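S.K.: When I checked TrEMBL for this same protein, it listed these features:
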BINDING   T83, D84, D324, T325  Mg(2+) binding site
COMPBIAS  381-397  compositional bias 'Basic residues'
REGION    371-411  region 'Disordered'
Amino acid sequence: MSTIQFPSPQNHILPHQIMFTYPQNSSGKPSSLKRVMGALFGLAVGDVLGVGVGFRSGDCFGHCPVTGIKKGGTQSLNPGQWTDNTSMCLCLASSFITKKSFDPYNQMVRYKWWFKKGFLSSTGQCFNINNATRQALDEFCRRQDTLKKAYHMNTDDEVDDLSLEKVRAIKKFNLKCGSTSTTGSGVLMYLAPIPLFYFRSPEYAVNYAGRSASLFQDNIKVLDACRYYAALIVAAIRGEKKERLLDNHFYEDHRSWFGAKEIHPEILRITQGSYKRPRGYEDGIRGKGYIVDTLEAALWVFCYDNNSFEKGFSDAVRLGENNDTTAIIYGQLAGAYYGYQQIPECWLRQLYASSLIACVGHWLHLLGQEQSPTEQESPKLRPKKSIPTKNHQRNHQKVNDITLASNETQSTSKLSNNSLLIDIPYTRTPHAEIPNNHHVTTTDNSQFRYPYSDSILNTDFNRYQYMERPLGHNYNGSSYYPTIYSPYRHYL
């Protein structure tokens, strides 16, 4: 089955220019799909809401709520244009969609494309990259020279295409390119694709969240923060109630997801409710860069958001300092719990390349469903068996038996494929509003082919006329008419 054919970084195709199709045979429960979509859009909305307000003191905002998406930032971004965090999230998601498994080498290659070529950047250029990420990617590029020498390669394209097996065969090559001493929260900001892809196999989601973070920050405190947050997102998508997500015994109740080793004491304190301080900012909750502070801040916002995205994002911004970071991390969990449909439509309408993000969510949901717990991967990447603890024997509902969206009423009627597709509000970004620093390629051969599924392998695509049209509308020969997702639609 073919999926999204992400462009080559050499073509400088911008996200809003990418052509794609949605899955023809979406399956699974609508509630889990909405939550997968919610986590992606929650991340992206938190990103764009944070543009122009980052690194300000909480005193600057008082009790004023977030009123909308603004322009600004270091790149003078237009309203709705996202930054490095959404770009890195899409890089990670594109690796899962392309490789259909956890491939840390391919992930690093795609991050490198973003770093060097502006791959999946809203401006066509890498910007806002933090020092830890920059240093790790610089080191990765240097280490690729070892692979070139080992396999007698001359170009980056050749070495970028290496399989994970060939990379592992070179004993001198280490994929962990970051420092063991950094404790920043950057890796939490684009975590979502891992639990979204593996939410049906929680042990894999938790394990891989830590392994992915170790590529940039091989610090146990950082890895355990990512593992814990991935577990929360998985539990939210699987339909657990908010009270269980915030329960002080969440870690104990889900102990089998975490493997044999206990998590770091500072992260353990967070799992036991250290963030539950009603007055928030006055009680010392701060959205700082230190990963423990950031994780506490995001969970405090989720705990006291009154089940409202607007209040949650407003509270995240009012915490000050790294408030954009807090909003992005909060948005992933809040979106996974509340679902896409609860995010204010006015924010979604302004979000750059929202249709591409929606398509990525559909494919993560579908391809993740097809993964088997016995997928053939290197034993090094398999989660370790956990050692049961006394606390794990507490009398509670068995986690692995929780049905997806158990707290929602499911329709007994058979669902059509289209009923699983979520309508995306459409606002086309006027060409005049696209920043001048966009690298726009106008040659026809720079556009990659439309993906297709098994059900349309023999379709003659030449008879379809691809034209500019409103998202969510088809053409009947004289006018556009509304419809649910067309399998041949693309964002313009």
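Residue positions begin at 1 at the first shown residue.
Glycine too: its Cβ is placed from the backbone N, Cα and C atoms.
Please treat TrEMBL annotations as automatic predictions, because they have not gone through curation.
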S.K.: Report, as a single number, how many Cβ atoms besides its own are within 10 Å of the Cβ of T325 (Mg(2+) binding site).
M.R.: 30
S.K.: Can you count the other CB atoms that lie within 10 A of the CB of T83 (Mg(2+) binding site)?
M.R.: 26
S.K.: In which DSSP state, out of helix, strand and coil, do we find D324 (Mg(2+) binding site)?
M.R.: helix
S.K.: Around the Cβ of D84 (Mg(2+) binding site), how many other Cβ atoms lie within 10 Å? Please give the count over every shown protein chain.
M.R.: 21
